[in-house]
Amino acid sequence: MGSEFEPVNVNGFQELAKQLLPKMYYDYFAGGAEDEHTLKDNLKAFSRIMIRPRVLVDVSRIDSSTTILGFKISSPVMVAPSALHQLAHLDGEVATARAAAACDTIMVLSYNSMRTIEEVASSCSGIRFFQIYVYKRRDITAQLVQRAENNGFKAIVLTADTPRLGRREADIRNKMVQPELKNFEGLISTKADSETGGSNLQAFVDGTFDASLSWKDIQWLKSITKLPILIKGVLTHEDAILALDAGADGIIVSNHGARQLDYAPATISVLEEVVNAVRGKIPVLLDGGVRRGTDVFKAIALGAQAVLIGRPVIFGLAAKGEFGVKRVLRMLKDEFELSMALAGCPNLRDITRRHVRMEQEKRQSML
């Protein structure tokens, strides 16, 4: 595949990234936990949902814009938080932020970004949320939350599924090393030594992350920021209700890109369960396995207000920098709008549960 190769869909950027990135870094971004069952199922689960198109609808004007927590975005495709963007491209999270702003969508900046909160905030105007983990040293988390709020970030995304790091065997084999993170300079060392000779990411997480974090700590988080708080990592009806009870302002249905608990469900397969639990009281978003405009359509039909994409952004960044991220976001927006037109839905509120059919529903209708 030569340099003239131009991707015609999002998956093409993964092929380019695999060629261009060192194996250790490609494996870090592409890999999942253990047998990678959930990693595969995040993608396959979308193929088990069929679209029920309606015809002879006026679709001469398609509007895919929406609002998330009151912020208008051009389409329901946002940038998920993912770590270490400078391993993909020298400009790192600054390039990603500029691309998201140019595409008029929201970027969620990772706690483990390689560019600082301040560098990203000053790089361009745009709507940004800040994703956090909670460290054993709560003062460090509090400082970063405050820095994000002071630099114009509009919401906090608490990742709730990482009391410990999932077993990412590619990183163990490759002896993946956690680079120093500038956000934490003067606060804590982000280097850690692995006693087993494998990935030092595991040692770093075990040494710093607060495994005692529980629902009662949402009140602590609410006490240190005025920003709305979204809980990322909810996969069940029960936890959706607990998130509501804890005062969350939104939920992200996520299995951490299949990097934590293997054999956790594919996110699209449990989206409706979470949506039904919250009954419209707070927005529900989804990440995991979104690679096509039809995937976005299916998620919206099942009740998501938006989706977030992680790996496609990283692969676009690795392949073509800021331009690559723009291409990925615009490809998905264009594909989604085509899906809307072909399904007979001029805008998002026209997309309903009746526009999709799950595989099990198909089987039941045949009985």
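Cβ from N, Cα, C; glycine included.
TrEMBL annotations:
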ACT_SITE  HIS256  active site, proton acceptor
BINDING   TYR28, TYR133, ARG168, HIS256, ARG259  glyoxylate binding site
BINDING   81-83, SER110, GLN131, THR159, LYS232, SER254, 287-291, 310-311  FMN binding site
DOMAIN    2-361  domain 'FMN hydroxy acid dehydrogenase'
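Taking the features listed in TrEMBL, we show where each one sits on the structure.
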| residue | record | contacts (Cβ under 8 Å, 6+ apart) |
| --- | --- | --- |
| TYR28 | glyoxylate binding site | LEU84, LEU87, ARG168, ALA170, ASP171, ASN174, MET176 |
| TYR133 | glyoxylate binding site | TYR111, ASN112, THR141, THR159, THR162, PHE209 |
| LYS232 | FMN binding site | PRO81, GLN131, VAL157, LEU158, THR159, ALA160, ASP161, ILE251, ILE252, SER254, ASP287 |
| HIS256 | active site, proton acceptor | THR159, ASP161, THR162, GLY166, GLY233 |
| ARG259 | glyoxylate binding site | GLY31, GLY32, ALA33, LEU39, GLY166, ARG168 |
| GLY289 | FMN binding site | ASN42, LEU43, ALA45, PHE46, ALA266, THR267, ILE268, ASP295 |
| ARG291 | FMN binding site | ASN9, VAL10, ASN11, LEU43, PHE46, PRO312 |
| ARG311 | FMN binding site | GLN14, PHE29, ALA30, SER82, GLY257 |
Among PRO81, GLN131, ARG168, ASP287, which are binding-site residues, the residue with the most C-beta atoms within 10 angstroms of its C-beta: ASP287
Cβ-Cβ neighbours of ALA83 (FMN binding site) (radius 10 Å): 20
